[in-house]
Amino acid sequence: MARGAGPALRLLLPLLQLLALPAGRGNRTGAGSLFVSEYFSQSAQRLSFYSWYGNAKVFHFHVPEDTVLLRWLLQASRGKEPECTSMEVTVHFRYGAPPVINPLGTHFPANATVRPSYNISITLSSAVQNTTFVNITTPAAGDWFIAAHLPEAAGRIEVKGFSTPCTYMFQADMFVLRLTDMPVLEPGVAMPQTIVSPAKPLHVKVFVPKYTARMWFELRSCMTSERRACTVRVVLGSITLPQSFQRIITCTGNVNCSVSLDSLPWEKWVQIMVESLGTANASVSLEMLASFTDCRPGSTSSFLNFSSLNQSQAGSGPGSPTPSTGMALRNTSDQRSFCLQNQPVVREDLDVVSVRYRLLNGPSVAVYSISPTLLLLNLNSGMDSGGSLVVNLLLNKTSLSQANATVVACVSAASPVLSLNTTQNCSTAFFQGYPLSLSTSSAEAMLIVLYPQTDDWFLSLQLICPKGQSECNTAEAKVTVIAYLTPCFNDCGPYGQCSLLRRHGYLYAGCSCKAGWSGWSCTDDTKAQSVGAQNLATLLLTLSNLMFLPAIAVAVYRYYLVEASVYTYTMFFSTFYHACDQPGIAVMCIMDYDTLQYCDFLGSVVSIWVTILCMSRVKKILKYVLFVLGSLLIAMSLQLDRRGVWNMMGPCLFALIIMISAWVYHGVKRRHCYPSSWKRWVFYLLPGITLAFIAISVYAFMETNENYYYTHSIWHVLVAGSVAFLLPPRDKHKKPWAWSQKLTCRYQICQNDREELYAVT
């Protein structure tokens, strides 16, 4: 993030003028509070058509504390080229983590939690640029993310340099209005406040201590300056997207107005906004009071029990024996004195966006009915929101004394759920948690949270009996908890590749799918290729390279050994590159994928280079110098830009210039067209040139992701066939297979060489 200025800032100046903010430090009445405006900007990014999450451009901002107004300035623009048409840009917003989006309407993996992202559309029609504002009052402080993308990709494989695609750009800027002296509401102390006018609402905040079970908020002594009954609206909490769980109440008259909130976010500030709904000229005076109900935590073991820590490091699998829980509070009367049972959890950072959580006392935890068992899953490092949080619960059926009992679990962010036994509702004051349940009939449950927001996550477990909690007082259940954070769930499966993406130092992961598979984790098989289709595609792409065998045979027959070696090299690496390039089970890699790809590209371009130079019929010493020098330059060019169109077009054009120049020279010297034989033109050159042009057309304009296996195989066949036609005939003074006799220097051959060497022409 960078604080900057520019054309976008000029668009925000009218907003500052409309606010007409006071310049002096405010007092406790809220009549002259001091506001500070801040502007954050990020560089524009080029938009891409959507085929997987890597095509979405992500912007990461941080909203400071005590922000009362957030305004996004979204600027989308397109180029002025004729290729540019009307386009719709989709922009997604989310608090705490990158947005989970699904523009293609694919299926998510089973047990995954999906909440539709908040999004807007920006249309680029006749205008080159479109500017859109998005306002958010009382936004939550912390990380905010924006993701922008174009519609679904067409699927055509573009050859770099053959076409000039339209450029679509997107930039997001953030303006915040922050209150520097926001009043603090102290628990148990009534605080008088004054709302000057409906246009200037009152903002206060209250800090929620750790182990708070409930907050009671009360508004009383509300009176207008005209001694009339007041009407005010109270908003507790901040706005979070895609869903907001603000608590809103309307208070009318002199009657005290109150609200009770359970499961508040621990160790966080909660914003409270009070705005007058009365006349514009009347001020409102009132009193606010907040009180907390504490929660006394218990613990199933001591966190400093180093012997348990050593045992946890030694055995970590679900099947390992559970250590003795001598410190567990099994006495029912002791359990009643606590509102929750703490289970210590150790966080192990394994790699980027990769964390494992180990329970200090082993993989199993004891679950009771009197109070919930609570586990803390720390995801507040700032780099944990770019992966997937996986929670797997397994019930030990033999440990459950009550056969009809159920273990209810809830995974929630920022706030733990402490009332599972009464409400069985997995919702907190400002967050909707994810419920899970275990029983003897369904002993396993899994939850996958895609891109979990940056915060402290809690896992609450409690035992519930159908006939009432009285029959569960002495019951206990053992639940094995496996929790970890992974970049991609199941590593995107056999038909996907997990890729780490980066935006200004922020890392997040996404799955790129193949073989027709799609979805967030490449689990959607709606358009997936069957195993037979995969095998057929692999056979087509590999066996089509055998069409180089005729070209190799022709080259050897005509004594072009260097050219035959190049064709053999190309056939070998093209075959094994395409065998390694396939997804799923039909894949075989004899060496590193990048090496195979480079060798395939190098062999293809060098094959074209040597073929055209061979057709030019220049002197051998010059031809071999051009062979070596051109191959070295082609290798350098491919290293700089492997997919550049000029890697192939450059050598082709240069070789064609040499060939045409040589043919013109031979034609002028012989005083007739070169090659002179009409049979050479009709039966060899024209068919070869036709095959080459068809091959280039198929390669450049017809290949798509769906027909790649067929069109690229046709490319192999056409190129190899054109080479066999275009190779020039052998020298007239050399007999077929004469090269084999040169392996041993016989007298007659050596005598002929000497005669040619000393011949005077």
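Even glycines carry a Cβ here, placed using N, Cα and C.
Taken straight from TrEMBL:
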- 1-26: signal peptide (SIGNAL)
- 484-523: domain 'EGF-like' (DOMAIN)
- Cys488-Cys498: disulfide bond (DISULFID)
- Cys513-Cys522: disulfide bond (DISULFID)
- 536-561: transmembrane segment (TRANSMEM)
- 621-640: transmembrane segment (TRANSMEM)
- 646-665: transmembrane segment (TRANSMEM)
- 681-702: transmembrane segment (TRANSMEM)
- 708-727: transmembrane segment (TRANSMEM)
Residue among disulfide-bonded residues Cys498, Cys522 with least C-beta crowding, 10 angstrom cut-off: Cys498
Segment-segment contact (the transmembrane segment (646-665); the transmembrane segment (708-727)) at 3 or more Cβ pairs under 8 Å: no
Across the domain 'EGF-like' (484-523), average pLDDT on the 0 to 100 scale: 91
For the transmembrane segment (536-561), sequence-distant contacts whose Cβ falls under 8 Å of one of its Cβ atoms, 6 or more beyond its ends: 529, 567-568, 570-571, 574-576, 578-579, 581-582, 586-587, 614, 709-710, 712-714, 716-717, 720-721, 723-724, 727-731, 734, 736-739
DSSP helix/strand/coil residue counts for the domain 'EGF-like' (484-523): 4 helix, 20 strand, 16 coil
